[in-house]
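What follows is one structure encoded as structure tokens, with my remarks underneath.
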């Protein structure tokens, strides 16, 4: 994945459900082609196959469990999401928190199935710990700022720069994404200036009246 990398999390917003998931993915694809910036989406689990079947762009799962084939009713199996069309997964989002053991198991399963892993964290120490596990990305998102419209890159820039420094010391191969409150061009520019390689965002684009226009605004200062 190139830098900057934009990962759009649909969460369970109505606008990103069903056919809406496809339409937002099409907007992401169009902006990505126009700009050369890689944009990936994380739709709800049942929509992964729908989006993958209609739009060519990287798709991430919002969650996966560290389980294999067998008696794991209700769990998210890595092989299933990969065959549905996903190329990666979020792990430990603040709205879907896991224990350390579960994070390790999910990451191990992601690697087993060749899925790119984004471990979400909430402060510098947890970011450092996550980097030691060697995911592809860590995404720093203070939970109090998620969905607030107040970007972490402005509200708490030290947590971003501190996370970037901590990860560089532990494993320079792990990339850092900045999340929470990201929605405008100034937010992405600030995140990149603080050393992150991209952003993880959601409502600012998914709930926008015109997601394509919102994405174009997001990347205008890159």
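From the backbone N, Cα and C atoms, a Cβ is placed for every residue, glycine too.
Annotated features in Swiss-Prot:
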- 93: active site, electrophile (ACT_SITE)
- 141: active site, proton acceptor (ACT_SITE)
- 9, 10, 11, 146, 181, 202, 203: substrate binding site (BINDING)
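Annotated pair residue 141 (active site, proton acceptor) and the residue listed as 'active site, electrophile', C-alpha to C-alpha distance, rounded: 9 Å. Set side by side, the recorded positions 11, 93 differ in how many other CB atoms lie within 10 angstroms of their CB, and the most is found at 93. In the three-state DSSP classification, residue 9 (substrate binding site) falls within a strand.
Reduced to three states, the DSSP call for the residue listed as 'active site, electrophile' is coil. Counted within 10 Å of its Cβ, the other Cβ atoms near residue 203 (substrate binding site) come to 20, all protein chains included.
Residue 9 (substrate binding site) counts 26 other C-beta atoms within 10 Å of its own C-beta, drawing on all protein chains shown. Here the recorded positions are 10, 141, 181, and the one whose Cβ sees the fewest other Cβ atoms within 10 Å is 10. It is 15 Å from the Cα atom of residue 203 (substrate binding site) to that of residue 93 (active site, electrophile). Secondary structure at residue 203 (substrate binding site), as computed by DSSP, is helix.
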